[in-house]
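Student: Copied straight from Swiss-Prot:
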- LYS166: active site, proton acceptor (ACT_SITE)
- HIS287: active site, proton acceptor (ACT_SITE)
- ASN111, LYS168, ARG288, HIS321, SER368: substrate binding site (BINDING)
- LYS191, ASP193, GLU194: Mg(2+) binding site (BINDING)
- LYS191: N6-carboxylysine (MOD_RES)
- LYS329: site 'Transition state stabilizer' (SITE)
Amino acid sequence: MDQSNRYARLDLKEADLIAGGRHVLCAYVMKPKAGYGYLETAAHFAAESSTGTNVEVSTTDDFTRGVDALVYEIDPEKEIMKIAYPVELFDRNIIDGRAMLCSFLTLTIGNNQGMGDVEYAKMHEFYVPPCYLRLFDGPSMNIADMWRVLGRPVVDGGMVVGTIIKPKLGLRPKPFADACYEFWLGGDFIKNDEPQGNQTFAPLKETIRLVADAMKRAQDETGEAKLFSANITADDHYEMVARGEYILETFGENADHVAFLVDGYVTGPAAITTARRQFPRQFLHYHRAGHGAVTSPQSMRGYTAFVLSKMSRLQGASGIHTGTMGYGKMEGDASDKIMAYMLTDEAAQGPFYHQDWLGMKATTPIISGGMNALRLPGFFDNLGHSNVIQTSGGGAFGHLDGGTAGAKSLRQSCDAWKAGVDLVTYAKSHRELARAFESFPNDADKLYPGWRVALGVN
């Protein structure tokens, strides 16, 4: 059934929809299956996403028609489809009237993903009007709060030097805590890897006790504050809260040095909101493990990593992993920097829409995946600043002289970039950085030809 007479209004102007302030706008790349028209399929998509189905129903009234989602722009050659969703469509909490991201996803990326006339459809961006944006929690903490704990300026405090304890599974509690202590002697921040939790060989309570002690010892040794991101991911709300409360109690006076990591993609918006609301004084670390199943450029359905990141700020993530923008081992390229800008800036331009965040706190980009001291300068050149949390697993513990030296090499690399000094030149007077060249010779040969002669390495 062709529903374009009801669910398509190509006379509507995007600027007018934004000025009106009552529509969420979504931009998709959509291709109909063979034999279906573009506008016809787009209208069916909008109907299925809002007030319609595949037939007209007798219960529809004038009010219902007033909240139809409407296709307002199409470009069949580029496969671009834009839909305007009235804000009234989205579910709100009965306890406080707040917005819920699961409702946004249910409508904009729900049943429409399985429609028989759609070859593929992927959301590439969305715009949130002020009246709807104000209903989301947004972050309560971000990198500025970490800088404060670390004793740095709360504006432009610079890179937080971090790691992921490797191997990601298989370490008993004491070796895990020992690795934390080793890194903290040179670095700032350690995160649980996403599967680390309460395995039988590493009970959470025993591990956390030893990590809290390692933090105290490292702080005493260095005279510097240290940070730990503890995984509280669970299926059950009460389990997440129990883990969080135990961790804070165990760290005691260092409770404000603790972030909570949640695997936000695999557990969904409910887990992120649980952590955000139950622990508003902790940095909420959104890990996105599994997201590539829908966000990868190879996937033609779902939504992009840009969309995932933008949603995370609405939900209240203090920080989210944003990949390495083509400078590490993960999928991505240099243009991904717009993802970071959308997370951190008061207003930012995305692929399709300009978003004003109306004072909502920024979400911090967390950089991880194959990074080391040699790759950081190129990454910072592309991004334009170093105000990120950077977590290197192999880039720290793959250093020939161990985790402490690896941490120091990462910091030295950032210092060199901020000073505008060539990395090879800086390495001549900084041993840990110089040894990073020997630790990662393939990267060194590719990125810094002639380094062996300059550093006197055979």
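Please read every residue number as a count from 1 along the shown chain.
Glycine residues also receive a Cβ, built from the backbone N, Cα and C atoms like all the rest.
So where do these features actually land, and what's packed around them?
Tutor: Annotation for LYS166 (active site, proton acceptor): spatial neighbours ASP193, GLY393, GLY394, PHE397, criterion Cβ-Cβ under 8 Å with sequence separation of six or more.
Secondary structure at HIS287 (active site, proton acceptor), as computed by DSSP, is strand.
Taking the Cβ of HIS321 (substrate binding site) as centre and 10 Å as the limit, one finds 28 other Cβ atoms among all the protein chains shown.
With a cut-off of 8 Å between CB atoms and residues at least 6 apart in sequence, the same chain places GLY162, THR163, ILE164, PHE228, SER229, ALA259, LEU261, HIS285, THR391 near LYS191 (Mg(2+) binding site), listed in sequence order.
In three-state terms derived from DSSP, LYS191 (Mg(2+) binding site) belongs to an extended strand segment.
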Student: Can you give me the Cα-Cα distance between HIS287 (active site, proton acceptor) and HIS321 (substrate binding site) in Å, rounded to a whole number?
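Tutor: It is 6 Å, counting Cα to Cα.
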Student: Starting from the Cβ centroid of LYS191, ASP193, GLU194, the recorded Mg(2+) site, name every other residue in that chain with its Cβ within 8 Å, sequence order please.
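Tutor: Output for this site, in sequence order: ILE164, LYS168, ASN192, PRO195, GLN196, SER229, ASN231, LEU261, HIS287.
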Student: C-alpha of GLU194 (Mg(2+) binding site) to C-alpha of ARG288 (substrate binding site): distance in Å?
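Tutor: For GLU194 (Mg(2+) binding site) versus ARG288 (substrate binding site), the Cα atoms are 9 Å apart.
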Student: Using DSSP, would you call LYS166 (active site, proton acceptor) helix, strand or coil?
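Tutor: For LYS166 (active site, proton acceptor) - judged by DSSP and reduced to three states - the answer is coil.
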